[in-house]
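Worksheet for the structure shown next.
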Amino acid sequence: MNTGGRLIAGSHNRNEFVLINADESARIRSVQELSGQTCQICGDEIELTVSSELFVACNECAFPVCRPCYEYERREGNQACPQCKTRYKRIKGSPRVDGDDEEEEDIDDLEYEFDHGMDPEHAAEAALSSRLNTGRGGLDSAPPGSQIPLLTYCDEDADMYSDRHALIVPPSTGYGNRVYPAPFTDSSAPPQARSMVPQKDIAEYGYGSVAWKDRMEVWKRRQGEKLQVIKHEGGNNGRGSNDDDELDDPDMPMMDEGRQPLSRKLPIRSSRINPYRMLILCRLAILGLFFHYRILHPVNDAYGLWLTSVICEIWFAVSWILDQFPKWYPIERETYLDRLSLRYEKEGKPSGLAPVDVFVSTVDPLKEPPLITANTVLSILAVDYPVDKVACYVSDDGAAMLTFEALSDTAEFARKWVPFCKKFNIEPRAPEWYFSQKMDYLKNKVHPAFVRERRAMKRDYEEFKVKINALVATAQKVPEEGWTMQDGTPWPGNNVRDHPGMIQVFLGHSGVRDTDGNELPRLVYVSREKRPGFDHHKKAGAMNSLIRVSAVLSNAPYLLNVDCDHYINNSKAIRESMCFMMDPQSGKKVCYVQFPQRFDGIDRHDRYSNRNVVFFDINMKGLDGIQGPIYVGTGCVFRRQALYGFDAPKKKKPPGKTCNCWPKWCCLCCGLRKKSKTKAKDKKTNTKETSKQIHALENVDEGVIVPVSNVEKRSEATQLKLEKKFGQSPVFVASAVLQNGGVPRNASPACLLREAIQVISCGYEDKTEWGKEIGWIYGSVTEDILTGFKMHCHGWRSVYCMPKRAAFKGSAPINLSDRLHQVLRWALGSVEIFLSRHCPIWYGYGGGLKWLERFSYINSVVYPWTSLPLIVYCSLPAVCLLTGKFIVPEISNYAGILFMLMFISIAVTGILEMQWGGVGIDDWWRNEQFWVIGGASSHLFALFQGLLKVLAGVNTNFTVTSKAADDGAFSELYIFKWTTLLIPPTTLLIINIIGVIVGVSDAISNGYDSWGPLFGRLFFALWVIVHLYPFLKGMLGKQDKMPTIIVVWSILLASILTLLWVRVNPFVAKGGPVLEICGLNCGN
């Protein structure tokens, strides 16, 4: 590489090499090179400055631009050099513009046109001091154009360029392996610091902005005026006559469109959201008046009943506040896939889209059928994304040979399925759901071969299903000696709790291609090592193993996590997420993009609120307007660097106002102090930047060469620190500091596989920060909440993406017992987090977590505790009907109006939420019903099980929820297995029905006057019964009868409670009847 007498150095901000004029002679030559040149924008000759030097707009590449175009570019344009994309700095004599000395996040998107990875501050620092050694000795004396062969794992290659480096680990037997710079030729790596289309003149692009049309017309008019002057003076240099044609180039709008933001926020219309906010404030005021009345008007003859109801109502009010205020700023988002393609997919050039590693996790193939997992994998392999940018990793935590064989057959079928999907652009790309959808598949399909190929593909898929089902039938009968491979070798996973790690690459760089001869995405089977005596941390541990394996084998900068039963329903889902992740303006602080969960196979009425529409269409939109949605465990695209525990890019404070904006007396008072602070800050920044020179061969400071021994010492210390944080794999540590991902192309596959086996060993995480600060966080069965919470505490923000076509679809529990079991697991995880050090009530202060976001996390861990007041409150109607008492005294006109306003505000709040959230009343009502059902059953049991697990150490083991499409074989099993979950709500139903019968009977026997007080108690009891109605329907099931054991236990418990209440009656005054003098003399 010809350096032209200039020094090679590195920019840590852009991760690129630049040329620095190291001596005066070289600087003079570089200036002379510009002499006589014309501005590459307008064609004018570049003028001289007041010091008789040629005007240079960009100090990085010296691209010829005249001062008028430079000032116009800074004032009206994108403020960046057209060639190297470096932001123009203010030159003495030029006016200030908005954005001077501001943070990189606010700079126009041209500067980071190809920089789609994050640049965390201390990640660059780690890359400086530990991953790259600056080199010594013979390197200094090497000629500028010499190629320097360096080791790549196990072999050497001298054909790679020395001006592109990757982090390579040479073989070493000593402690503390060193990391040296080595050439890097990965074609998937995005080009750094170069023009998008070098062969085109810069004038063809114009000036891009959001309002393109207006600003383009102004620019063309001004350019036309300049060209007329040039023509008149004869100074067009042969270019002037063609500029108008270039300005009218039809490709110009396309190129400018590619520079626009890739997404935008769509706030809820003010006509919908403002009344909603006003009503929330009114409801708060009504709530205050309500509690003022309730506290000041006790029920004297049933004081205990009144006090219990007030305590429950206060808890409900606090719970409502925690749930309501995170929905204060709901937003929606819109993506521009065409702009993403224009920006990163140039015709005739390699795709610039970032690679993505997809994680699929499964445990038990008998409860998570292999056919469902196979459909998920097929939908991933057929995704609309460059095949060399996608790698699918399937984690088999059960080490089942059934899963291994099914995945092998899936890889073979993918050779036919993937080209069929891409040829005809079908949706969805999971064959089971594509062939089962009821639609006219001939609609909009004009390809003459489509019908023929579709029928052939359906036959092939039916044969594939037969093979998978045959494997499942065979796996039902396990041999006594265990399974063996085809060559007679025992299957390593015969013992599920004691087996080595296993990795198998089915597709990818092994030479296997589809039927059309095209390359297929990589498909890797992973089963981590398990040994007795090690805590494997269930799903969270499996996901962390996938992070490390993928970092060694492919190291994509972004990760997609899906459950085995959630297939990709929208083939452009990954592109949708990249519109946020790769957006140069706002993408650098995004840690993950969460998609809503949508489900197949749910009945039309959705009696158990399986769709959870209120949460995904209302609550998550509200969180997206604050700091982003919480992570829900599937359908989420992560930034790898965020999972590594790095902090989000810090936002610098904007500079203070200049003297032109402040009064002169203020400048006299504050100018000196501000100047001194600025100097100190600049000195500190310069010192910090000097310590971050990643590719520097030597530090240059005023012509003095500083040896690099101190840098080496810091590198060794940082290397040890990184190994303590990430583990003892030098290859993984090297990959962890690569911000844009990638692995060395010439690395030996055998070496990579050996390293991958090491990082999934059961003892790899010992004495590291895995599960504590890195990856999926341990400590709860709901690791998703903890993982997202830690990222938000590090200052990251997340994004909620709701494309018109659902990105992912999955299967939901189909019967009541499965649904309650699922809710039980979620609630248990929340209780574990509440009782841990990561509880959002006291953890994460001083970080980047916003207050309303903290409210949401607090609500997500506190809601199981609501089961206690909820069950008590649902029991009060029966108590009131049995005792003839009530929770409120005789209602006055004021109290009646207050209660009416309270109920109206609750109803109208729900209506307005449904309006701006796009939720139907059926979904909203089912959500309200299941809140009571889940609170009275699963949440209560989760609360006690969580307390036993955390405080007493009694562990509760759960089985995976069945994902089978047919529930006939499992329905009865689950009903009898989870009997205890059904008893509390059944008991509430029975005692309230008994209370209604007793209350009505008492009113009939006591006459007309007793009907008035009875209405309030009946309304209270019927409110509970109506909310529990889906539970009653669910217990009847297909047999239209309730299991006998449930009926017996519930009636027995209800009878005991009723008799005990009649005997004790604690809410009635203990004294006898109050005798008063009536005023009549009865003795006479």
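Glycine too: its Cβ is placed from the backbone N, Cα and C atoms.
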Determine from Swiss-Prot whether Lys1033 and Glu60 lie on identical sides of the membrane.
no
Residue from Asn815, Asn957 to which Swiss-Prot assigns N-linked glycosylation site
Asn957
For the annotation transmembrane segment in Swiss-Prot, which listed range does it cover: 371-391, 980-1000?
980-1000
I'd like to confirm something. Which of the recorded positions, Asp397, Lys539, Asp563, has a Cα closest to the Cα of Asp784 (active site)?
Lys539
Relative to the Cβ of Lys539 (Mn(2+) binding site), which residues of the same chain, six or more apart in sequence, are found under 8 Å away?
Ser361, Val363, Asp397, Trp776, Glu783
Just jot down the residues in the same chain as Asp563 (Mn(2+) binding site), at least 6 apart in sequence, with C-beta under 8 A of its C-beta; none if empty.
Val360, Ser361, Thr376, Gly633, Thr634, Gly810
Need the DSSP three-state call for Asp563 (Mn(2+) binding site) to compare against my parser.
strand
Local backbone state of Asp784 (active site), from DSSP in three classes
helix
Can you see whether DSSP assigns Asp397 (active site) to helix, strand or coil?
coil
One finds that other Cβ atoms within 10 Å of the Cβ of Asp784 (active site) number exactly 24
